[in-house]
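Straight from TrEMBL, the features:
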type	residues	note
BINDING	His68, His70, Glu75, His116	Mn(2+) binding site
BINDING	His70, Glu75	oxalate binding site
DOMAIN	20-170	domain 'Cupin type-1'
Amino acid sequence: MNGMACKNPAMVQASDFAFSGLHIPGNTSDAMGFRVTLVSMTQIPGLNTLRISLVRVDYAPWGIVPLHTHPRAIEILTVIEGSLEVGFVTSNPGNRHITKILKKGDVFVFPVGLIHYQRNIGYGNAVAIAALSSQNPGVITIANTVFGSKPDISTDLLAKAFQVDKSAVWQLQAKF
């Protein structure tokens with residue numbers, strides 16, 4: 001199921017239901033300044049078919065998790081350290097931007113399939129833990145998907161869709 005075979009119940013062991021390492025900070029030295037440590041059915045085979053997974057998100061100062069969506073999961077995020085600006089955009093026709101500043105201990109929910117983001121608004125590192133309502137939530141990063149597809153989406157189509165000059169599209173495609 002979901003690309004993962006179900007293990008024979010007579011063969012399961014404690015290691016099929018455990019993960020170590022969520023206490024280890026992720027390397028946030030990339031351009032966006034964040035790192036996700038995923039705990040899903042790949043890391044814990046016993047999660048297969050149980051409809052839940054977990055992530056630790058580490059943020060450098062002013063680091064962002066860029067606009068993305070989880071096509072198969074609701075996300076509930078808890079700030080462990082630091083302060084985050086979080087937000088999502090409702091679906092058409094409203095396209096309302098729902099945003100909040102979260103501090104240590106605060107919780108925020110991102111509805112399934114909606115585009116959302118997080119940004120560390122502090123000068124120190126931040127950490128959050130998020131649960132997702134799928135053992136395989138998936139992630140679609142908007143900019144990577146639109147401007148980094150292979151083969152490229154037509155420059156004419158993107159320029160018209162975003163109502164920008166073709167040169168702006170070429171610049172963005174070159175980054176991805």
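Any Cβ shown, glycine's included, is placed from N, Cα and C.
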Practice task
For His116 (Mn(2+) binding site), just count the other CB atoms lying within 10 A of its CB, please.
Solution key: 22
Completion exercise
In chain order, residues whose C-beta lies under 8 angstroms from the C-beta of His70 (Mn(2+) binding site), counting only those at least six residues away in the same chain, are Phe110, Val112, Gly113, Leu132, Ser134, Pro137, Gly138, Val139, Ile140
Problem - His68, His70, Glu75, His116 excluded, remaining Cβ within 8 Å of their centroid (Mn(2+)) - result: Thr69, Ala73, Phe88, Phe110, Leu114, Ile115, Pro137, Val139
Handout entry: Cβ atoms near Glu75 (Mn(2+) binding site) (within 10 Å, other residues, all chains)
Key = 24
